[in-house]
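Visitor: Heads up, here are the entries from Swiss-Prot:
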{"type": "BINDING", "residues": "GLY144, GLY146, LYS147, THR148", "note": "ATP binding site"}
{"type": "REGION", "residues": "1-69", "note": "region 'Domain I, interacts with DnaA modulators'"}
{"type": "REGION", "residues": "69-99", "note": "region 'Domain II'"}
{"type": "REGION", "residues": "100-314", "note": "region 'Domain III, AAA+ region'"}
{"type": "REGION", "residues": "315-436", "note": "region 'Domain IV, binds dsDNA'"}
Amino acid sequence: MLADEVIELLGQEISKNEMENYISQIKFNEKSSNSENIIFTAPNELVTKFIQTRYANKIANIFEVKTGIKPVISITTQKNRVSIKAKDIDVKQIRTQSSLLNPSYTFESFVVGDSNQFAYISSQQAAQNPGKVYNPLFIYGSTGLGKTHLLQSIGNYCLEHGKTVICVTSEQFMSDFIRNVENRTMNKFKEKYRNCDILLIDDIQFFHKSEKTQEEFFHTFNEIHAKKGQIVMTSDKPPKMLKGFEERLKSRFEWGLMADITPPELDTKIRIIKAKCEFDGINLSSDIIEYIATNMGDNIREIESAIININAFANIMRQEITLEFAKNVIKDQIKEKKDNISLENIISCVSHEMNIKPSDIKSKSRTKGIVEARRICIYLAKTLTPNSMPQLATHFGLKDHSAVSHNIKKINEIINNDGYFKARVEELKNKITSKE
């Protein structure tokens, strides 16, 4: 049957995990299908939504190759299931409570570059040797750089190897905690979170909202760690920079390994875009890919959103995806920050965060804190604005462009040798760009 051939070909392009857990569960609805409308039936809403979102277009492309006609792919949910057979029960669901795990987030699907290589290797080793190395593992970096992908890659790997995995956001942990306190069912809460092999907490920085939650997580952390269970957390900043956290909790975050993810370089962004296009069966020319990589920001989710929007508009309007078409579709998403960010905005933000006067930055003061703030401003100004070296020299009261270059070089040297300083500069950059 043609549908079987298509599914078999799809299986050659995706991971074994996804094939077994999702694609193998759908059935071709021959009675309701025709050459232009292909219908598959899935056993539940989870599988339906996942396949419709991730694979419908790829399945349609394979049908087009086989028949010359690109059909509309529909995934419907099987209804009126009277009984559940033993073989229908997914053991992984039993082992994964309150799980956010997305099976497409694997180590194999993660695009590695200089900006994330250390975090990637650390995550792999923590997954392969849970509780034995890098425990806890603390992954930090700005929004949309791949922290959640690595966190869930660890979860999916450990799940495949028979471990009990809990994967939740900090908000979910807090909500679960509050609900169990109100219901007086804390024994149930403790049994759930303290008896797992792997505890994964995404965006742990939001624990600052609740001292009671921090207290509970402190004891949860201690018990899991004592039992040699693996703990992995993600955050937008390193432990030392977390505000509103107890020192004893921050110190535990530093017990193991801290791995940062920085904004991807152009080459990595290009490879990420190509991987996304291949995964979703989207055909973009090299000039479009380079345009997206060069002009979008560093947030990978925003880049992927741009790709999805381009493809969706092309399908709806039945147009060929050209560079001009792509530019028009994502023009509102493009991060044209350089023309919008002023030098005064940078000085204002840096001086506020470093608790000095804006006038001090332009002064001749050689006080250590002021010199550092001035250098950070110059570094960010060169990174975020179109101003030339001579223009920056004039604005900051420096002798000439070589003095600007010297200040930028000093900041780069510190960034390369001090992870904490690097995170501070990155946080300042994010605050400046997010205000625009």
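Each residue's number is its place along the chain shown, starting with 1.
Using the three backbone atoms N, Cα and C, a Cβ is placed for every residue, glycine included.
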Visitor: What three-state class does DSSP give GLY144 (ATP binding site)?
Guide: coil
Visitor: With every protein chain in view, how many other Cβ atoms are within 10 Å of the Cβ of LYS147 (ATP binding site)?
Guide: 25
Visitor: Output the one of GLY144, GLY146 that, of all these binding-site residues, has the highest number of other Cβ atoms within 10 Å of its Cβ.
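Guide: Checking each of GLY144, GLY146, the winner is GLY146.
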Visitor: Just give the helix, strand and coil counts over the region 'Domain I, interacts with DnaA modulators' (1-69), going by DSSP.
Guide: 41 helix, 8 strand, 20 coil
Visitor: Taking helix as H, G and I and strand as E and B in DSSP, count the residues of the region 'Domain IV, binds dsDNA' (315-436) in helix, strand and coil.
Guide: 83 helix, 0 strand, 39 coil
Visitor: With an 8 Å cut-off on Cβ distance to the GLY144, GLY146, LYS147, THR148 Cβ center, who else from the chain surrounds the ATP site?
Guide: GLY141, THR143, LEU145, HIS149, LEU150, THR234, ILE261, ILE300, ARG301
Visitor: Give the mean pLDDT for the region 'Domain III, AAA+ region' (100-314) on the 0 to 100 scale.
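Guide: Overall, the region 'Domain III, AAA+ region' (100-314) comes to a mean pLDDT of 92.
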Visitor: Is it possible to get the count of other C-beta atoms within 10 angstroms of the C-beta of THR148 (ATP binding site)?
Guide: 22
